[in-house]
Amino acid sequence: MLFLLFLLITPIYAGLIFLTKPSNDPFYNPPKGFEKAAVGDILQSRETPKSITGRFAPLEIQNSWQLLVRSEDSFGNPNAIVTTVIQPFNADPSKVASYQVFEDSAKGDCAPSYALQFGSDLSTLATQAETFLLAPLLEQGYYVVSPDYEGPKSTFTIGKQSGQAVLNSIRAALKSGKITNIKDDAKVVMWGYSGGSLASGWAAALQPSYAPELGGNLLGAALGGFVTNITATAQAADGTVFAGIVANALGGVANEYPEFKSILQSDTDKKSVFDEFDSHCLADGVIDYINTSFLTGDNKIFKTGWDILKSSTIAKIVKDNGLVYQKQLVPKIPIFVYHGSIDQIVPIVNVKKTYQNWCEGGISSLEFAEDGTNGHLTETVVGAPAALTWIIDRFNGKQTVSGCQHDKRLSNFQYPNISSSILKYFKVALDTMMSNGLGSDIQKDKITPDDLRKFLLGGW
């Protein structure tokens, strides 16, 4: 009942709460001379202006901060990103989970640092819903760090920008002890699903060369709905109910590569199309572009269609930002991949190719949990307890698989030793609805098995 009441009043109440958007917030602007700072340095910090919450899951936590962090774009040009640090009750300062949300937008005002706060636009609904994945991490007593990995230009799908931002966010978190109490030798696990897996995967692959000093901190990365080929995802989504992802991706690439934008603009009669591509978050983008064909069919917006990939400029951009093509980049940390066999948005074939590349490259530990009955959307939920099990095992010092291991199950709910994590996952979701505090060993309203049963069966 509390949850239903929350759903009813939140849109009204949130409309009365003024939360400055990143485009109008001076905090997002780096100070003069920031270029001289080292990547990962904290340029400025503050407590989050509003509480961390999802429209469906208000988070009762100890504290939260925003750090403005020195980073750089795909070409090595200095920039600054904001990362959000969330502290649960009774937090363990030696354990940090870097969670990369699936922002999937080319619009700066959709950034996680904004979307995760109370009072953010309804258009950021997808990010707000991801608090269900953040909450179980907080419940374990882990600090959660969530970076605006797309950077100030909102470069959705761009690999180096995203991966470097994740690593620089972690660097900053480990330097933030005087602000957050996180230890500089804290252990860190990365996690991301879909668009968040793109950023997390690139971070894992770049870490040995870009941030070798983090090798002693990083325990591994969990990658779900793993995006390794942005073209394959665009081809799968174009002309479908998920065509908005294509629009947002085109906008994100154009934000990093002006030449990409010029080539596509010359291939359409709709010259203002790119003005629209960077004006949506994920949720409203999907709604506004349902069944739109950008590069497919007779009524496509871009005349050349998929033959546009024959342009050497376009082909290079696509290859540079597809992790599946980067055989030379092999993670040195343990990796857990979970993916649905029938994923219709992120085809599993490219995940298998990346798995093969990394195995042939000598990766020390790569576990691939293939779910035989779930697609992209359902695996978000079904695969989460498996990822949580794997993450908890990493922090508890349990042994990872040696070498490469690919297991296909009917469902990832059948992942080994997952039962307690399934209970934790859904119990914490219920905790958030009841506004119970999140953290290790804290007093809460008692949740009975009957409460959990009602929640799972939709009886609330």
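Cβ atoms are placed via backbone N, Cα and C, with glycine included.
Features reported for this protein in Swiss-Prot:
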- 1-14: signal peptide (SIGNAL)
- CYS110-CYS281: disulfide bond (DISULFID)
- SER194: active site, charge relay system (ACT_SITE)
- ASN229: N-linked glycosylation site (CARBOHYD)
- ASN291: N-linked glycosylation site (CARBOHYD)
- ASP343: active site, charge relay system (ACT_SITE)
- CYS359-CYS404: disulfide bond (DISULFID)
- HIS376: active site, charge relay system (ACT_SITE)
- ASN417: N-linked glycosylation site (CARBOHYD)
Nonlocal neighbours by CB distance (under 8 Å) for CYS359 (disulfide bond), same chain, sequence gap 6 or more: LEU366, GLY403, CYS404
Inter-residue Cα distance where the pair is SER194 (active site, charge relay system) and ASN291 (N-linked glycosylation site), in Å: 20
Disulfide-bonded residues compared (CYS110, CYS281, CYS404) - the one with the fewest other Cβ atoms within 10 Å: CYS404
Position of peak Cβ density within 10 Å, selected from the recorded positions SER194, ASN229, ASN291, ASN417: SER194
For HIS376 (active site, charge relay system), nearby residues of its own chain (Cβ under 8 Å, 6 or more apart in sequence): SER194, GLY225, GLY340, ASP343, GLN344, ILE345, VAL346
Where HIS376 (active site, charge relay system) falls in three-state DSSP terms: helix
Three-state secondary structure, CYS404 (disulfide bond) (per DSSP): strand
Rounded Cα-Cα span from CYS110 (disulfide bond) to ASN417 (N-linked glycosylation site), Å: 37
Between ASN229 (N-linked glycosylation site) and CYS110 (disulfide bond), the C-alpha gap once rounded to whole angstrom: 23
Local Cβ density at ASP343 (active site, charge relay system) - other Cβ atoms counted within 10 Å: 23
